[in-house]
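Over in TrEMBL, the protein carries these features:
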- 85-104: transmembrane segment (TRANSMEM)
- 111-132: transmembrane segment (TRANSMEM)
- 138-158: transmembrane segment (TRANSMEM)
- 170-191: transmembrane segment (TRANSMEM)
- 197-217: transmembrane segment (TRANSMEM)
- 281-298: transmembrane segment (TRANSMEM)
- 318-340: transmembrane segment (TRANSMEM)
- 347-365: transmembrane segment (TRANSMEM)
- 371-395: transmembrane segment (TRANSMEM)
- 407-429: transmembrane segment (TRANSMEM)
- 441-464: transmembrane segment (TRANSMEM)
Amino acid sequence: PLCPMGRPLASPRPPPRMDARAGLPVLPLSGRAPRGRCWALPTALLCLYGFFASLRPSEPFLTRYLLGPDKNLTETQVFNEIYPVWTYSYLVLLFPVFLATDYLRYKPVILLQGLSLIVTWFMLLYAQGLLAIQFLEFFYGLVTATEIAYYSYIYSIVDLNLYQKVTSYCRSATLVGYTVGSICGQVLVSVANWSLFSLNVISLTSVSVAFATAWFLPMPQKSLFFHHCSGFQTFFLGPQLKKIVDACDPTELGMRGKVDISKVLRELWRDFLQCYSSRPMLCWSVWWAFSTCGYFQVINYTQGLWEMVLPSQRFEIYNGGVEAVSTLLGAVAVFAVGYIKVSWATWGEVALALFSLLIAAAVYVMDTVRNIWVCYASYVIFRIVYMLLITIATFQIATNLSMERYALVFGINTFIALALQTLLTLIVVDSSGLGLNIFTQFMIYASYFAAISLVFLVSGIYSVMKNYRRQEEMPSRSTASPP
């Protein structure tokens, strides 16, 4: 994203299909399409939109561009005053955009995302000064908040039995777009010696093509709350919440969007308590929320660290190539999860602890070994390990849930991660907080992952000992029982 970072969290979905960049799930939001409706055209249009919206060759070089002669900003302004704006705006806009997506039925919000991308890159080209770039970050916060519309639109158009297929198409389109953009940016900078301003022109052109493509998307007729259909509500809301929504007057629900929110919230609270009463599910969810917070902090400010290790104004950098390699290898790691045979119920917490320690070590090496190639290699390891673990965590959470509660738990975990990231940004990064330099920040992030590792190591050892003790007691009970 625009805070030279990986893509932030998207809306949740059932687990088999994973986000190859961040390993995060996306859940469809609406119901079945009428039988016979053509699915190929809207799917192709949405894939084209996702490809061109993600094809932004200037993105891996954002920090270099802002610190360079084009914008002439200082390191403190970029790291401590500009980049934090994205985190704050994303958190503030997340819930209102979710409601607007449902009420407006997806397509207008996709158009809003495309328009926000155009405004963002137009301002990157021509805006000057600290305040203008902060407004730019706000618009990019709007871009990331509206991603929910892109990942849920297609489910209101196609039939239920096509969900898996169209999900893979749409997700692959964004992944290919991001990878192609990163490679093109690196080639144009290193081989053709193009300016970063020219790369931003290409990015602006690409997102403009995406915006034009979005106009041809058919308008959905259904959504979850305000334009509901009964087929998929049972899947998303669960049977109890579906009864509450169905109890509302259909005319009022469709025309004015009135739902008894208090009843919905009470049922959600009961579901929340029931879901998180499971210790394994709670452990995996806690790791997901806390590690995702740290992951995005590292992703957001990695370009800044690289810039301090090897100033791009004096040396050749390979940010685009590194982003492309880490994305592809992360996708391979996500795919390989399906072939890993481990008793996660027994060893899951210990595995989380050990791999979290590896993540902490990678961040620590990035921070202390001031060699750009070591930083690049550590970054690739960092992303691969995180994507592997977040995929495992998603599947383990899913095994402890009924299907209709996927959205609730994944949504809560995602929101907690974003709230923690906002708090960490406010304290560590923001100039109104501690406003620490980039090397001190990364030392804190390494310590953060080390603390996660320590907590899960203690919890995991306790769980393993408890399981073995239970297994030892079972034979003694069976021999003591009468024949």
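A Cβ is built for glycine as well, from the same backbone N, Cα and C atoms used for every other residue.
Please treat TrEMBL annotations as automatic predictions, because they have not gone through curation.
Listed as Cβ neighbours of the transmembrane segment (441-464) (distance under 8 Å, sequence separation of 6 or more from its ends, same chain) are residues 79, 283, 287, 290-291, 294, 297-298, 301, 305, 346-354, 356-357, 359-361, 363-364, 366-368, 424, 428-429. Tertiary proximity for the transmembrane segment (318-340) is limited to same-chain residues at least six positions away from its ends with a CB under 8 Å from its CB atoms, namely 18, 20-21, 23, 57, 60-61, 64, 175, 178-179, 182-187, 189-190, 303, 306, 376, 379-380, 383-385, 387-388, 391-392, 395. Here the transmembrane segment (111-132) has long-range neighbours at 2, 49, 53, 56, 58, 65, 71, 73, 77, 81-82, 139-140, 142-143, 146-147, 149-150, 197, 200-201, 203-204, 207-208, 210-211, 214-215, meaning same-chain residues at least 6 beyond its ends whose C-beta is under 8 angstroms from one of its own. Take the transmembrane segment (170-191) and the stretches 85-104, 138-158, 281-298: counting Cβ pairs under 8 Å, 138-158 has the most.
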